[in-house]
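K.L.:
The feature region 'Disordered' is assigned by TrEMBL to 1-43. Annotation comment: TrEMBL describes 26-43 as compositional bias 'Polar residues'. Taken from TrEMBL, the feature domain 'Amino acid transporter transmembrane' applies to 95-506. According to TrEMBL, the transmembrane segment annotation covers 115-139, 174-197, 244-265, 285-303, 334-355, 375-399, 420-441, 447-469, 481-506.
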Amino acid sequence: MDERPETELISIPATPRVSTPEILTPSGQRSPRPATKSSSAAWTPTSFISPRFLSPIGTPMKRVLVNMKGYLEEVGHLTKLNPQDAWLPITESRNGNAHYAAFHNLNAGVGFQALVLPVAFAFLGWSWGILSLTIAYIWQLYTLWILVQLHEAVPGKRYNRYVELAQAAFGERLGVWLALFPTVYLSAGIATALILIGGETMKLFFQIVCGPLCTSNPLTTVEWYLVFTSLCIVLSQLPNLNSIAGLSLIGAVTAITYSTIVWVLSVSQPRPATISYEPLSMPSLSSSLFSVLNALGIVAFAFRGHNLVLEIQSTMPSTFKHPAHIPMWRGAKVSYFFIALCIFPISIGGFWAYGNLMPSGGMLAALYAFHIDDIPRGLLATAFLLVVFSCLSSFQIYSMPAFDSFEAGYTSRTNKPCSIWVRSGFRVFFGFVSFFIGVALPFLSSLAGLLGGLTLPVTFAYPCFMWVLIKRPAKYSFNWYFHWGLGWLGVAFSLAFSIGGIWSIVTQGLKLKFFSPN
């Protein structure tokens, strides 16, 4: 019989309190997690391990339970991590916070698409224009909240990408089929559109600044595209999503600034003499119907960025005591407050200033067409330069999912992280592919209404379906009916707006009205 003391028999070495890779990132930096009164008072699975509970137990067992309590509260959900995530640009760094979330969401949510909202008002009029814009804003804000909550809906699992969440809800194969195309278009397609818009804006900026002193051989539009693409490629060498937080801040500030400048300049100038606020009339009832559908598609396309919500949230540390959805939602609320301060004044002020005379190019085209001689060149050039900065910043965040996909394919085959040269090669390749697509398909902007309708479910429909399939509310309850109904309504709108986009492309007259640059 072993005569050793009891304490020696049950003595277990103290387990050191270590951080999960969710907190300790490859760079070795930790995200600050300030303690709050509410969090300390909240119930946790180890709340029962109190000093009163431990008092009757011997010192060795107390030490084991205290260490277990600390470890569980540090790890939280005991999240199962994919080691490959530490090599990929979206999940490489998990030091994000609410400020970074606000910067990224604002940079992704405000952009060139807001400048064409008055074009939709020209076909919808005051009442339907404001009503549709308000409903779309509230709807997409709710689906944003759904995505934030579903990021860690299953204990032990973080859905770091939109496609991963779709696979969890719809199944492996169906989730890829439903989510891959719209998310790829929203990333790669918008990156290509930003090259076109950024290059054309740089050309206009040069013409305004240079004026009559321009040389006899100025750069062509395609050459300006190449200049803009080169700048995008240089900035894209930043390694991961957290590292471009500064660029997102610049993009957010410039977007808010140029949006304010544009609508303030528009409403401060005399309105055209022939202005009218009646919706544009079409030769037939079917033409009017399709034009309204296409205008509603423009409104829906103004709310983009939901394909990046989970990616942004995945850059944050998350534990049971400090889940990532709290700072993410805090940052999202701030960002969408400023988004509302941009899109509503642009839509209402732009339509008030130009009515149904609004050019198809949106607010910048209207300023250039109606007030080129009334506005100081310096102020107009500043607005155009801010648009360029905003496009450069937006390119980075919308390209990051594509960079992540490239590197995921490489690391899964080689089982090692990308070297600096491989990573740079992927980003140079993506930049120039986007450039060549923009040059080879100059009518890409004409497909905005159609593709905006096709990608509408990412924002308005899929989150509702995923909420029902993952959260599983009681069948036939109000919650169940509400989310299924909202999701199918989004699908119906997607089909209708896509038909309106197809009609606008086929019909040459409306194609010129909506998409001609002048």
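Numbering starts at 1 and runs along the chain as displayed.
Quick reminder: no glycine exception, Cβ is built from N, Cα and C everywhere.
Can you tell me where each of these features sits in this structure?
P.N.:
Below 8 angstroms of C-beta separation, residues 96, 99-100, 102-104, 106-107, 110-111, 114-115, 235, 238, 335, 338, 341-343, 345-346, 349-350, 353, 363-364, 367, 371, 375, 379, 382-383, 386-387, 389-390, 392-394, 396-397, 400 of the same chain, each at least six residues beyond the ends of the transmembrane segment (244-265), sit close to that stretch.
Sequence-distant neighbours of the transmembrane segment (334-355) (same chain, 6+ residues past either end, Cβ-Cβ under 8 Å): 98, 101-103, 105-106, 109-110, 114-115, 117-118, 120-122, 126, 129-130, 133, 137, 141, 144, 252, 255-256, 259-260, 262-264, 266-267, 269, 271-272, 275-277, 302, 362-363, 366, 370.
Same-chain residues lying 6+ beyond the ends of the transmembrane segment (375-399) with a Cβ under 8 Å from its Cβ atoms: 104, 107-108, 110-112, 186-188, 190-191, 194-195, 197-198, 201-202, 204-205, 208-209, 211, 228, 231-232, 235-236, 238, 241, 244, 247-248, 250-252, 254-255, 257-258, 261-262, 265, 269, 308, 364, 367-368, 427, 430-431.
Here the transmembrane segment (420-441) has Cβ contacts under 8 Å with residues 89, 188, 191-193, 195-196, 222, 225-226, 229, 232-233, 236-237, 239, 399, 402-403, 406-407, 410 of the same chain, all six or more residues outside its ends.
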K.L.:
State the non-local partners of the transmembrane segment (115-139) in its own chain: residues 6+ outside its ends, Cβ under 8 Å from one of its Cβ atoms.
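P.N.:
Residues 259, 262, 277-280, 291-292, 294-296, 298-300, 302-303, 340, 343-344, 346-348, 350-351, 354-356, 358-364, 366, 460, 486, 514.
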